[in-house]
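Student: Take this structure first; my questions come after.
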Amino acid sequence: MNYKDVKYTQLSNKTEVCSRCCTPRKLFTYFFILTVTLIGLLVTCYSHSSVCNKNDFRKVHMRQTKRRLPHCIIIGARKAGTRALLTYLGVHPDIQTAQYEVHFFDNQDNYDFGYGWYLKQMPYSFPDQLTIEKSPAYFTEPFVPGRVYSLNSTIKLLLIVRDPVQRTISDQLQLNYKGLDMGLELKPFEELVLNPKTGNIDMNFKPVQRSYYDVYMKNWLKYFPLNQFHIVDGDQLISDPYPEIYKVESFLGLRHAIPESDFVYNATKGFYCLKTDTAYHKCLSGTKGRSHPHIHKEVIDKLKQGDGMTAKYHPLPQYSGDTQDKACCCGLSQRKVIFVSIIAVLVVIIGLYTVCRPTDKPVVNFKDILSNNDYNKPKHRLPHCIIIGMRKGGTRALLQFLDLHPNIQVSSKEVHYFDRNFFQGISWYQKNLPLSYEDQITIEKTPGYFHNDKSPERIFRMNSTIKLILLVRDPIERAMSDHLQLMDKRSRMNLETTSFEEKVLKDNGDVNDNYKPIQRSVYYQFMKHWLRFFQLEQILIVDGKNLTKNPFEVSQKVESFLGLEHRISKDSFVFDRTKGFFCIKNETTGHKCLNRTKGRTHPEIDEEVVAKLKEYFEPYNKIFFDQIGQTFDWYPVQRTISDQLQLNYKGQEMGLKVKHFEELVLNPKTRNIDMIIEPIQRSYCNVYMKNWLKYFPLSQFRIVDGDQLISDPYPEIYKVKSFLGLRHAIPQSDFVYNATKGFYCLKSDTGN
């Protein structure tokens, strides 16, 4: 019998009424049980008064789970043990921790999303639980303290510090590992930390700067009193975590619920792990607790002594006040407990009398049954659809556009379950997906899945009928975007950057097929793994270029693919001329765009390099097109069509019979592209360009983007004027869009 049958069976019994649900004996029994319970509560509170703050920074309401802004933040310091501290505190039953570093207060793009976005990143918790967030970058950013204060001036702050020399080495070690992942050549620590001219410590070296604890602490003390901080000894947390965790529990006004026996030393890793119910211990990931390489003793001494100059590492201020607040009973004074208990007794007696008096109301209430229906309760559900890639193909934009649909719930973070976190288990994966109702579709996006050969089989074993979305774009443009992102990371790590041309070509002039951005653009070799497990009908291939130009059209295709009603309207999208792509219309801020790392302007690529890349990718693209049964406009097809169209018009004027473009462009025997047809030949721009480069240097040419000239002519005209050395005398207001013709016209003095 399903839940609907049960519901109607219960409702059919309308004639049963409660003529006398309670007798005086029952009422006395209820009262006696209530009294004993309250007396037990009072005895417990008086005999086991817990340490708590009378000005508690938590507000207790009815017990229900929901997302709450943090009551406490671990603000830093970086590479001092913040992840270990968060992991240990996450064991406490009265603490809920944010699993990822949110970077709300230090990342301007995230901060612009507002407190509503910040709240969505927090875990679900009960009102008597503390929510704790960790982002160690907060400590060193000067503007963060003011932002945190604006959110909550009474918030509790945890700062973990360690020996600044060891912290500096760990910081650089992490940067080195990132560099290795990117295939970079790394310098020894001694070369980086010492100024090559003076031989002294380089005070501009980021890992050294981040160890000036006192400098950054001054910024925080401008806003918060010292008694709102608790300084955790990171070195002590490594060697013996229990005493430090005990102090943190006291600071937060929590019961001591993490026993010392929960900490188990792992001799292999060299630090403490947490005991679990299974035979395995819960330890930090392999990136934590790395062994430090041998550092020259002279460098260590210089770091410790400030290179013979004034010591740079000043001690942090200590709070001399009483860190233990006076005991109170469950957050209330004794008089308040007595008063509340009396009121509770009276309310219960009145309530019992009201409930037990005769009534003609039915026993079962229809609304009560509906409210208990699991269908109306949001749950963490495994995905119905995954955006599997590809990297730098426009996946973030598509996810934000789909988030407009009321029947879609999207994961705000890239979970990386099937390529990086598979060892965590399916339950971990489910917990990291958004809450959704039963009639909603859950969508997760991790573009790294497409290039990972293990992901297809792992996803298939989870759900063989799942829907997959793959965004593709011109492989050369994708490789350039990938390269730019890698160089941006290098720049932020103070590492040397390299041009696209230098990276994609070998010394002998051939394409460097070992370079990751190039490898990732050979789509067919990754697609074949997916087609081994999934039918092509399960995979929607989206043109990333079309998503940029016409997001509404792409959104409709995805809605149809997912079997959803078309609920994303065309009015939801607004074109941002400054950024050069579509954004989501927002009633309050005008419109919501992707962050500044998206839609980077691509530098011009040397024409010879472009020609070599096209020649390299062309056979691979053909295999990919055969795999998916469709082609994309990655080469100058539009120019070819326009050329043939012009020939057709001339033929009509001469009274000639004109053939369709499809008949002309395909060889009737092989059904392949007819390379002899002139419009096709004229699209081999690289072939003709070689002839010009025999006589003229590239600096005498200016390459104009014809598609850009159609969609927005002013930037291209501005570049041409600069190339010709002319003053910019053509204002942007002279260009007027003609909706009838579909392109821009020039404004005249007559108004036409």
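Keep in mind that glycine also has a Cβ here, set from the backbone N, Cα and C atoms.
Because TrEMBL annotations are produced automatically, they should be read as predictions rather than curated entries.
So TrEMBL lists these for the protein:
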{"type": "TRANSMEM", "residues": "27-49", "note": "transmembrane segment"}
{"type": "DOMAIN", "residues": "70-304", "note": "domain 'Sulfotransferase'"}
{"type": "TRANSMEM", "residues": "337-356", "note": "transmembrane segment"}
{"type": "DOMAIN", "residues": "383-618", "note": "domain 'Sulfotransferase'"}
{"type": "BINDING", "residues": "LYS392, GLY393, GLY394, THR395, ARG396, ARG473, SER481, LYS598, GLY599, ARG600, THR601, HIS602", "note": "3'-phosphoadenylyl sulfate binding site"}
{"type": "DISULFID", "residues": "CYS583-CYS593", "note": "disulfide bond"}
{"type": "DOMAIN", "residues": "687-748", "note": "domain 'Sulfotransferase'"}
Student: Between CYS583 (disulfide bond) and LYS392 (3'-phosphoadenylyl sulfate binding site), how far is it from one CA atom to the other, in Å?
Tutor: 17
Student: Tell me, what is the mean pLDDT of the domain 'Sulfotransferase' (383-618)?
Tutor: 88
Student: For CYS593 (disulfide bond), identify the closest of the binding-site residues LYS392, GLY394, ARG396, SER481, judging by Cα separation.
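Tutor: Answer for the nearest of the binding-site residues: ARG396.
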Student: Within a 10 Å radius around the Cβ, which one of these disulfide-bonded residues has the most neighbouring Cβ atoms: CYS583, CYS593?
Tutor: CYS593
Student: Check the binding-site residues LYS392, ARG396 for other C-beta atoms within 10 angstroms of each C-beta and report the one with the most.
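Tutor: Comparing the binding-site residues LYS392, ARG396, the most crowded Cβ belongs to LYS392.
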Student: With every protein chain in view, how many other Cβ atoms are within 10 Å of the Cβ of GLY394 (3'-phosphoadenylyl sulfate binding site)?
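Tutor: A 10 Å sphere around the Cβ of GLY394 (3'-phosphoadenylyl sulfate binding site) contains 29 other Cβ atoms.
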Student: Please classify the secondary structure at CYS583 (disulfide bond) using three-state DSSP.
Tutor: strand
